[in-house]
Amino acid sequence: MSEMASSSSPPLPVAYEAWTSLAVPGWLNKGDNAWQLIAATLVGIQSMPGLVILYGSIVKKKWAVNSAFMALYAFAAVIICWVTWAYKMSFGEKLLPFWGKAGPALGQKFLIKQAALPATPHYYHNGTLETAEIEPYYPMASMVWFQCVFAAIALVILAGSVLARMSFKAWMLFVPLWLTFSYTVGAFSVWGGGFLFQWGVMDYSGGYVIHLSSGIAGFTAAYWVGPRSKKDRERFPPNNVLLTLAGAGLLWLGWAGFNGGDPYSANIDSSMAVLNTNVCAATSLLVWTWLDVIFFKKPSVIGAVQGMITGLVAITPAAGLVQGWAAIVIGILSGSVPWFSMMILGKKLMIFQMVDDTLAVFHTHAVAGLLGGVLTGLFAEPTLSALFLPVTNSRGGVYGASGGVQILKQIVGALFIIGWNLLVTSIICFLISFIVPLRMTEEELLIGDDAVHGEEAYALWGDGEKLSIYKDDTTHHGVIVSSGATQVV
């Protein structure tokens, strides 16, 4: 009967057959490869043009060009560093428990073979294999590019902390140094098969590797670079709120690739991750807006964007590991805890007055990333965890058994990322200061884009000013100042 069934089965369509050409090897899954390239493109769009537009529009007019250009430059610089040495430091063979061996990812022999992360096999304590090496069904070239855009957005996010005063020349040096000595360590330790990966720390798509690290590093760099000019700190209105929303929209929808691409396959877990991402982001945006209305009597669109971002960040370490109800809970907390740290503690604690974090990256990424990581340790569902994690029987605290230990693992993993970034970012800034000044000159701080780049974004009369609505006003522009709850970021 089985022979008759097999003989009567229709032949496999040619489109799904292997070796129809030399470019279609037997291990290639065209669907997985297509999704991985699309996911990588979506993450790339988050940075360029997404954050390029958002940064260029959410800052004061005189800093629009500089802010957008810092993001654009970082995106381009990371690509070259990544393929030249940094990819293998993050996902290559093990050099140290927290670092891979440096090397290029440029030759065709390496790039067209099946993707593999050589340090990811996980073993039981007795030495027998527990989880095999990660080997997606697409070529190394797809893996290299997918991981590259993650590295790039980490630097772009970090830039948000030092906008409107960091010397561009110093930024040109900072990008490759931080990528090499900070990002690669976090990526290998948590994702590439390093000690946190092997221990079972959960970070589905970068709550620690991307957001906690860039938030802490950005805050640290902001301390070393120093604050914006006194005038800019007192008044820093967005130059184009509608363009800010456009950049935020690209960021939000691009997150489908950010979280949906990390199973390294177009599978059921990637679908779960994408749905949870949007549920959490929407919840967080609503909660942030409600809090603005309750405490400041006005709904702020800039505040809504901040709430959107904190929701996206907080769900990132949990995206494919938690159920939908947990995504809503995470969204409620990500819309309120970072709101409290930014809007209340940010205005009262001396540390936040002393360190000038231009776009509040510490609150939106470090606080939200840490929050999401700890909540992952609480809510990670066993069945979903088994679809993704190398350590079998992993689960969050609410599911009992070993779940309580998972929360401890999440805290320890966060402490490592925080400590490493504090130390390494400080060393990098200290060394750069011997080569070029970290900070712009007083003249550049006063003038802005025209002094730094010889270019300006708009030919307008002033920052945050509006034309008078009165026909008889011929003596001045009739300045009207906006007063939204989170208008001054």
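Using the three backbone atoms N, Cα and C, a Cβ is placed for every residue, glycine included.
Because TrEMBL annotations are produced automatically, they should be read as predictions rather than curated entries.
According to TrEMBL:
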- 34-458: domain 'Ammonium transporter AmtB-like' (DOMAIN)
- 34-56: transmembrane segment (TRANSMEM)
- 68-87: transmembrane segment (TRANSMEM)
- 144-164: transmembrane segment (TRANSMEM)
- 171-196: transmembrane segment (TRANSMEM)
- 208-226: transmembrane segment (TRANSMEM)
- 238-258: transmembrane segment (TRANSMEM)
- 270-289: transmembrane segment (TRANSMEM)
- 301-319: transmembrane segment (TRANSMEM)
- 325-346: transmembrane segment (TRANSMEM)
- 358-380: transmembrane segment (TRANSMEM)
- 411-436: transmembrane segment (TRANSMEM)
Same-chain residue ranges lying at least 6 outside the transmembrane segment (301-319) that approach it to Cβ under 8 Å: 54, 58, 202-208, 210-211, 238, 241, 244-245, 248, 251-252, 255, 258-260, 262, 272-274, 276-277, 280-289, 292, 326-327, 330-331, 333-335, 338-339, 342, 360, 363-365, 367-369, 371-373, 375-376, 379-380, 484-487, 489
CB contact flag for the transmembrane segment (238-258) and the transmembrane segment (270-289), at least three pairs under 8 A: yes
Beyond the flanks of the transmembrane segment (171-196) by 6 or more, those residues with Cβ under 8 Å of it: 70, 73-74, 77-78, 81-82, 85-86, 89-92, 94, 97-100, 117-121, 147, 150-151, 154-155, 158-159, 162, 203, 208-209, 213, 217, 221, 413, 416-417, 420-421, 424-425, 427-429, 431-432, 435-436
Contacting positions for the transmembrane segment (208-226) when only residues 6+ beyond its ends and CB under 8 Å are counted: 150, 153-155, 157-162, 165-166, 170, 174, 178, 182-183, 186-187, 190-191, 201, 313, 316-317, 354-358, 361-362, 364-370, 372-373, 413-414, 417-418, 420-422, 424-426, 429-430, 433, 438-439
Closest-packing stretch to the transmembrane segment (358-380), where packing means Cβ pairs under 8 Å, from 34-56, 144-164, 270-289, 325-346, 411-436: 325-346
Cβ-Cβ under 8 Å with the transmembrane segment (411-436): same-chain residues at least 6 beyond its ends: 167, 169-170, 173-174, 177-178, 181-182, 185-186, 189-190, 196, 199, 201, 203, 208-209, 212-213, 216-217, 220-221, 224-225, 370, 373-374, 377
